Amino acid sequence: MPRQFPLEKTRNIGIMAHIDAGKTTTTERILFYTGKVYKMGEVHEGTATMDWMEQEQERGITITSAATTCEWRGHRINIIDTPGHVDFTVEVERSLRVLDGAIAVFCAKGGVEPQSETVWRQADKYRVPRIAYVNKMDIMGANFFNVIEMMKERLGANPVAIQVPIGKEDTFKGVVDLLTMKAIIYVDDLGKVSQETEIPDEVKDIAEEYRIKLLEAVAETDEEIMMKYLEGEEITVEELKAAIRKATINMQMTPVLCGSSYRNKGVQPLLDAVVDYLPSPVDIAAVKGFSPDTGEEIERKTSEDEPFCALAFKIMSDPYVGKLTFLRVYSGVLQAGSYVYNSTKNKKERVGRLLQMHANHREDIDAVYAGDICAAIGLSNTTTGDTLCDENHPIILESMEFPEPVIQVAIEPKTKADQEKMGIALQRLAEEDPTFKISTNHETGQTLIAGMGELHLEIIVDRMKREFKVEVNVGKPQVAYKETIKKSVKVEGKYIRQSGGRGQYGHVWLELEPLERGGGYEFVNKIVGGVIPKEFIPSVDAGVQEAMQSGVLAGYPVVDVRVTLFDGSYHEVDSSDMAFRIAAAQAFREGMKKAEPVLLEPIMKVEVVVPEEYMGDVMGDINARRGRIEGMELRGNAQVIRAYVPLAEMFGYATDLRSKTQGRGTYTMQFDHYEEVPKNIADKILEMKNK
């Protein structure tokens, strides 16, 4: 089956926003107007099509990014729905990696909220061109122009209005298109009927003012338009569209539209803008990767004639078909039933079926082409971030980096039957989500699960119960502390066993050095002249990493250390991988004790929004929680306090904040970095831990 839509008529887009900006409702409306859904779902009724996991429907938030395909004006639009809650930033990163463009949805009242900033920065990192949609124009306090100012101040963006609203709050009834200088007024409730009219008198002045701003902004990015503008010549709508498209794709501007998805106003012009201004796979630079054999950089252009390569960006377990692997195809063609090569894992896999995902049903397809997004069944070894390619033309695409989990809880199965199923459930969930980690506490034998926040772990436990029918008891949340060192040391490790027959001999000299925060782990091999044979070097590395799982202070994982192997010796007969692993692990533990080990704790970036009168109490409380206040600003009539606070001090904060502000304060927090724990606090933690 040849490709249905040419590449230039394909759009891979994400919809990104803060919780409650109305992202899921906007997606729903897009599916309704493009004819994929016949009755609209409402989030607060729990029937929205994109929120297809049961918990999402209960909580009214979007957790997993479902990929959906729809059509508009002869274009295929693949939508990746991204979650807006801070515990799920990894889902957002993961979807941005495979998108070509995005719609950023803002609430007309809240404007740029903390999560919007995070998501915006993530989109900057992956250089994703975007258009902005100011939603909820019908609610009290809606202010379109205020949101544009906030986008400039907070995001450092260059927002350019291509519409202005007609009316606001309950009088919001349509928009002025600043390209055609015509008004679009919505007549019926479903928003399917709209009239194009002359601009009403009450918005004429503001429309004129913003039309000039639009022309000036476009002229800055396009010389031809600049000349025409300065000479007072007529600029056609087509010329303007082409210039805005170019500037958007080059990240020079963000076109801004407005509407009210819930009231069905403004969604069709938003779809037009996706087609008019967001890039197709052809407009995006060739994807870069490297050869697994030589390590040199390779490019793959978005074309069916290039060798096949794709990125697995999401794994999901589906009750009917088992494991679904979502793929973004960058080049070439993949047929259902064919073999692919997983270059990340160095394994061949067979693709059983290929599915095109619609919001609530799926269709089997024979093949996928460069630029497409699909789900594959049958890839048992593939995990998130793996590259799939043609075996004769191997390439590894840059993988995604995922943050380390910051919070953990102990869980235990309620019954013997649960125990057997628990392992399988945890393994499946960890496959889907790289920020969810499982470990065992060797002293107590407890299973620990770690994630990005309390909500993240609650949802994991909930899914175990619903999808895998596993009941577990959950302990109190604990902070995921880490250990590191403060000074450099050189240390020797020897492991020698002689007792009849073949002995064991491993001998290493290591240097341990501290790295800056977030430096992770580096292993440097400085062995010269073969004092330790090449084949034992990986064992030394493995031994060190094994020892790093459990630090010398309190058994927490060790981070931010460079380990250099600079000397040692071996025995012709007795040396083995195991002997070098043990010698390296012993040396590391010994060295760490001498290198001034310290505890590290996760520091959260916290933003608290409170009415003015509670300001003093709330700030006092943040200081009492060892918080560092970074800054304050007025937002509307509320004060926003930005601070860095250790996660250990944030448990139960929601309840405290509610009681201090009579339920009027809100806060968001997300992991920012690790920092050394003050000595007096560290002593208490170690005392508790080592009891």
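Glycine residues also receive a Cβ, built from the backbone N, Cα and C atoms like all the rest.
Lifted from Swiss-Prot, the feature list:
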- 8-282: domain 'tr-type G' (DOMAIN)
- 17-24, 81-85, 135-138: GTP binding site (BINDING)
Note the mean pLDDT of the domain 'tr-type G' (8-282), expressed as a whole number. 82
Neighbouring C-beta atoms (10 Å sphere around the C-beta of D20 (GTP binding site)): 17
State the three-class DSSP label for K23 (GTP binding site), counting H, G and I as helix, E and B as strand, and everything else as coil. helix
Counting across all protein chains shown, how many other Cβ atoms sit within 10 Å of the Cβ of A17 (GTP binding site)? 27
The number of other Cβ atoms within 10 Å of the Cβ of K23 (GTP binding site), counted over all protein chains shown, is 29
